[in-house]
Structure formats: C-alpha cells, structure tokens
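The active site, 4-aspartylphosphate intermediate annotation in TrEMBL covers ASP94. What TrEMBL lists as ATP binding site is ASP94, LYS95, THR96, GLU188, PHE229, LYS252, ARG285, THR365, GLY366, ASP367, ARG457, LYS463, ASN486, ASP487. Residues or ranges marked as Mg(2+) binding site by TrEMBL: ASP94, THR96, ASP483, ASP487. TrEMBL lists 509-760 with the feature domain 'P-type ATPase C-terminal'. The transmembrane segment feature in TrEMBL is assigned to 29-51, 540-560, 580-602, 623-647, 659-676, 688-711, 731-750.
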Amino acid sequence: RSWFFDSKHWYLLSVEIVGNKAKSFVEDILTFIILYNNLIPISLIVTMEIVKFQQAQLINSDLDMYYQPSDTPALCRTSSLVEELGQIKYIFSDKTGTLTCNEMEFRLCSIAGVAYAEKVDESKQDDDGDGKAWQTFAQMQEMLRGTGGNELERSVVNEFLTLLAVCHTVIPEVKEDKIIYQASSPDEAALVAGAELLGYRFHTRKPKSVFVSIQGKTQEFEILNVCEFNSTRKRMSTVVRGPDGKIRLYCKGADTVILERLSQNQPFTEQTLLHLEDYATEGLRTLCIASREIPESEYQTWSAIYDQAAAMISGRGDALDKAAEIIEKDMFLLGATAIEDKLQDGVPDAIHTLQQAGIRIWVLTGDRQETAINIGLSCRLISESMNLVIVNEDNAHSTKEFITKRLTAIKNQQRTGEQEDLALIIDGKSLTYALEKDINKQFLELAIMCKAVVCCRVSPLQKALVVKLVKKNEKALLLAIGDGANDVSMIQAAHVGVGISGKEGLQAARSADVAISQFRYLKKLLLVHGAWSYQRLSKLILYSFYKNIVLYMTQFWYSFFNNFSGQIAYESWTLSLYNVVFTVLPPFVIGVFDQFVSARILDRYPQLYNLGQRNAFFTKTAFWLWIANALYHSLILFGFSVILFWGDLKQSSGLDTGHWFWGTSLYLAVMLTVLGKAALVSDLWTKYTVAAIPGSFVATMILLPLYALIAPLLNFSTEYKGIVPRLWTDAVFYFTIVLLPIVCLSRDYVWKYYRRTYQPASYHIAQELQKYNIPDYRPRQEQF
C-alpha cells in the first residue's frame, strides 16, 4: 500500500509508461490527494479522466457525425471539455465555409453600369430606370466581337475581364486536358473560372508573368508587383505591364474600401451600387473591380518605395500596406462581381433547434450587410417577424447615441409589457466604436436583449474581441465555430472551440477542441453528446463522493467505540481495494453509458438542453443532499450493525464471531448499499450496467473468500485467517448484508417515487414519453 500511494513510484512509473504527459497528470493527482489529506480517493480523479477520454472517443466514433463525401469523421481533440458541451449559452459562428459550403460559383456581374447574368429573368429584361436592361453573358460576348454596344462599354468590359484573368495568385494545373485552378481562396478560383467562361482563359503562370487566352489569342501580362489581400486591407492589387507596354493597377476588394479610393467623376458608381444591393439581397458575395493607368515616372518612384518596404526585416507587413496605400488611389470603377456560396444542408434546422434550446447565436462575417441579412433569413437565424436593429454609423459619437437611444426604447417597451423578438445588425466600422471602453457595456446589453446578432464586415481581430467582451462580462459558456485561419483567434478566445474541416485548410480544425465537417453536426454535438456528458459526469462525481463517504464515515463512527485508538473496522487490503477493484465499475459505466433520455427525445425537445445551462444536475444543493444522504446511510449501516452484533454473537461452535466477522459483514453491507444506490440512479440499463452493478457484487462474493483463504497461507494478511468457513456459512451474515441495504435504500426509493409522481422535473416527463413511446403530433420542419 505504501508503494501504491508513494509519489516517487508513481512518478517513475508514469515516465516509463507514457512520458512527460502522464508524469504531469500523475503529479497533479498526487498534489490533489496531498492537499485534501487523502479524503478524496485517487480513484475519483482517475475514473473521471478515463470517463472523459471514453466520452471523447464516443464522439469520434459517432457515425451520424461522419461526412461521407469528404470521408471526414468528427474528432474530439481534448477530453477536458466534454461536459462543457452541455452548458453552452452563446455560439459565435463564421459564415463562409461554416454556414455555407464554401463552393463558390460565378453567377452575376455588373460592368459599366450594365448587369450581366447567364440567364436573365423576365422581370429584369425591361429597362431598370436608366435605359439599361439586364443582359446575358452571350450578349456580352457578341458586344466584344463588335456587334453591339459602344466603344467605351467595349473597352470597360475588356478591362474588367482582363482584370479577373490577371489580378490573382491562382496556379493552373492541367488534369485530363482540363485546367484546374488551385487558389488560396475559393473566391479567387471562382473569379478566374468566371473570366474563362466569358472568353478570357488564364492558362499559364511564370515567375514574372501570366498568359491569358483572349478570344483565342494568347497575350502575356508582366506581373510587376502584387499587393496581397489581408483582413485589414480587404482588397488585393496587382501592378501589370500589358502587351501594349502600358502599366496598369488592377484592384478588387470590398465595396467600402474600393469606393473610398476612386477618382472624381465616376460614370458608373450609382448604377453599380444599385446592382450591388440587388446581389447582396439575393445573398451573393460581392466584390468591386477598379483599375487605373500608372505613368512610367510615377511607377518608378513608387517601385523604389515598395522594394524598400519589401526588404525590411521587422514591420515588413505594415510597410507594404503603407506602400500599397500610395499607389491604390484615383482608380476608375469598372464594375462588380457576384459569387454564390450555397448554404450547407441542414443549417436552417440546426440553427432553429439550437435557438429553441436557449442558445444565442451570433454570426460574425466579413460580407456586406445586405448579404449577411439575407443569409440570416435563409438559415432561419433571423425570422420575418423579428424587428431589425441596424447599427451603421460613421463615428463613435453617433454610434454611442444610437445604441443608447435604442437601449432605452427597448427597456421602456419591456416595462410596458410589449416584448418582441429583436435581431441586431452591426457593421465593422460601427463595431470598432461599439467595442471601445466607454460604450462596450451598453452595446453588450443591447446585443444580449436580441435573439440574434449579425456582425458584418468584421476583421479576425474584431471577431476575437467580440467573444472576449461577452466572455468577460457574462457568466456563461461560449462556443466559437469557424473553418479558416481567420477564425482561429475567435476559436481560441471562446471556452469551447469547434473547427470545420472545410476547403480552407485545417488550421481551424487543428486549433479547436472539437473538429466536425458540417455545421449541422453541431446540433447533435451539443444537444445530445453535450447534454449526456454533462449529466453523466455530474452523476459520476456525486456518486463517487457518496460511495466513499458511506464507507469511510462508518470508520469514523467506529472511532467513538474504540476510544480513538486507530483500530480500523475493515481488513487493510480490503479497504484499499474498495475503490480500485470492488466498486470501480459502477461509476465508470454510469459516466460512459448512462443516458437520462434518448438522442431522439433530446432532438425532439431541445428545451431539455436548458438543464445544462442552468447547471441543474450539479448544484450546491444537490451536492450537499448527496453528502447528507451518504452520512445518513453510513449512520444507519453502522448503527444497525452494532445493534445486530451487540455483545458479540455466539456461533454454533461456541466461539465468538469476532471483530473481523462484524467488519466484513459491515463492509459487504456498505458495498451492496452503494451498488443499490447506483442501480437507483442509473437511467439506462445495458449489458454493461448489469456487468457493473450486480456483477460487481457477484465478483466480490467470489474474490473476497478466495483472498481470505490465500492471503493467510502466504502470510500476506493474517486478519482473515479461518474466517471463510465461519462467515460464509452463518445466516446472520446473509441477514445483515441483505437487511441493512434495504433499510438504507427504502427512503431513497420512496423519495424517488414521490418526486417523479408529484413533483416531476422536465426530464422526468420526457422519460415517461420515451418509456411509453407517446406520439408527438407537433408539425416538424422536415414536413414543409
């Protein structure tokens, strides 16, 4: 026993078995034991760690969360957070690649104030107000061949399509006589594919040039400089020298940043903005396209600045951004593009179910406001009945004033009893001001009052700041979910991080606690696995405290009878093996296999998730009730055993029963009581439960006499010498180990019956529905 509890041996053993990870783990266990003076047994901590690991493995092996098209299973990368999956209050989600498929398709474009589409609806074939009706891609190609349009429109269309084919970092790969575009972003590949569709085919990239086939003729464009895209700039520029020898700046990016850098007297801005609104309303991702011709002298001056910035060792990124600012000005707006990114399957149902479970969902996206609102409506985050609170201000004062006014108005409405569902929409610029110290509390209060929150045009840093703001001021568990490298900071800022194994690499999935392949799997991860894990671990911890207190408090009561001499009631090794062998299986099986309701019921009644959010299973009251129950059981067990064995019993041989006869009888009565308690609190009986609870007692009744026979022969433990024939043939022994557990557990059984019959909790009713398979005639979303 001294070796078993000796830190030196555990330390060396851990290093030998697994290495430093186990060494740290064992040291933590031993520190915990030393701090609590061995009152909390090592088995509780070890069992919890094993149970959490097994629960993580169950998540990994769940076939319902396996995505066959990409051969991607769910992965739980840490076992320390499985119970927190059942207590999530806020979800922060990226949009592109998380709610959507991240499979971009070039759909529409606006060039020189004219909207183009592959097919034009009848409603859009008429003039749209300026005498410019929507046109098809076929009409655009006819115009390029010289059969329609004027010279200005033809030159703008040519410049627009050339920009799409040249301004990018895409690498072409030829596979089976077909060009496959490899790009860091699906948007870029979609734009290049769109240019190819319209006759501008990019086919070769060399270190300093690209080759584009335009109307069947290959032209070379020399790439002079590339100002790469980042989340701060929200745009990308390429400086090229065309076949005509002229230097041009090609730029594509978000409308907010492109429009700020245009020259005066733009002929197509107003019409392009109207088209952008139309595209965004349809939920399409939009980009503005602009260019300008750069004089040779200006380029030479700027090139020296750019080269100097590129040569810097520290602060290179900021220097390159400042250099790009110099050249990205006085541009001419050519038009805009619209790319479709469809929602993933099951997203609307998942979001609606999670909202029913009481989880607040915040979408943080880099898309423009109209696109984000449309996607919010499509995925049922925002409903038609919701009142939209749109924050779209240009400065800090206006933002603060707007938030304060809306907050006051909403509070006044609530006082008068007029309460309505709200959705908060805020853009990146306003969010920058809203996150400042003097206003962030008011912003958070307003956001919490809203059922849904959508933040548009946000940077990765702003995503993380929003999560940290809620984390700091709200006593709630947060979950962040994303698919790309730009979501990593947000994922790491939340309590629980979930990564989508998508098309933008595995940075998010590898930095997250859990990796899934589709957003819809989040519903089962939280509402089923999370709810189960929280309830199982709560029951495991409470039961582990209970079973140890029942045993060791009988020893405490005995100390009043032995004049605190240190004499123990039980044989030493039997006492040590109580947690390690004889009662190790019940808490393990409860922690891994128990289900308070089935997955079907949890999906049908997502409101049951509120039990975890309220921490209903592991409250201070519940803890002290379990402790009080353990003390009561220990007192009953010890008191009745003392009464039964008062003055020591005489056996038929004329000998006294003796100390170890009484101690072993009490030990087995304690064990049968705690196993009976495990049976009472188990909600699901499987073959593992049968093996753990009745099986543990059967195994004990076989192993204990074998130990009592062998140990004295080996001179290993002499306390049990000759006890087997006296103990296992005595009727008093069997009477004791049957009567005492019945007396103890009768109160528990009556209380359980009364509670479920007259004061049922919500999950008790759900258990009845499950047990009797009562049908539910509520309409389900999949019927519509």
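Note that Cβ sites are derived from N, Cα and C of the backbone, with glycine treated the same way.
Each of the binding-site residues THR96, ASN486 was scored by other CB atoms within 10 A of its CB, and the lowest score goes to ASN486. Long-range contacts of the transmembrane segment (540-560) within its own chain (CB-CB distance under 8 A, at least 6 residues past either end) are made by residues 39-41, 43-44, 47-48, 51, 567-570, 575, 578-579, 583, 586-587, 590-591, 618, 622-623, 626-627, 629-631, 633-635, 637-639, 666-667, 670, 673-674, 677-678, 681.
Note: the Cα of GLY366 (ATP binding site) and the Cα of ASP94 (active site, 4-aspartylphosphate intermediate) are spaced 9 Å from each other. As a quick check, the transmembrane segment (688-711) and the transmembrane segment (623-647) miss the bar of 3 or more Cβ pairs under 8 A, pairs 6 or more apart, so the two do not touch.
Cα of THR96 (ATP binding site) to Cα of ASP483 (Mg(2+) binding site): a distance of 8 Å. Beyond the ends of the transmembrane segment (659-676), by six or more residues, the same chain brings 546-547, 550-551, 554, 569-571, 574-575, 578, 582-583, 586, 633-634, 637-638, 641, 645, 648-649, 693-694, 696-697, 700-701, 704, 719-720, 723, 726-727, 730, 732-733, 736-738, 740-741, 744-745 to within a C-beta distance below 8 angstroms of the stretch. When other Cβ atoms within 10 Å of the Cβ of ARG457 (ATP binding site) are tallied across all protein chains shown, the result is 23.
A simple way to gauge crowding: the CB of the residue listed as 'active site, 4-aspartylphosphate intermediate' has 29 other CB atoms within 10 angstroms, across all the protein chains here. The domain 'P-type ATPase C-terminal' (509-760) scores a mean pLDDT of 90 in the predicted structure. Among ASP94, LYS95, THR96, GLU188, PHE229, LYS252, ARG285, THR365, GLY366, ASP367, ARG457, LYS463, ASN486, ASP487, the residues given in the record as binding ATP, the maximal Cα to Cα distance rounds to 23 Å.
In the structure as shown, the Cβ atom of GLY366 (ATP binding site) sits within 10 Å of 23 other Cβ atoms. Sequence-distant neighbours of ARG285 (ATP binding site): residues of the same chain at least 6 apart with a C-beta under 8 Å from its C-beta are THR96, MET104, ASP187, ALA338, ILE339, GLU340, ASP341, ASP367, THR371.
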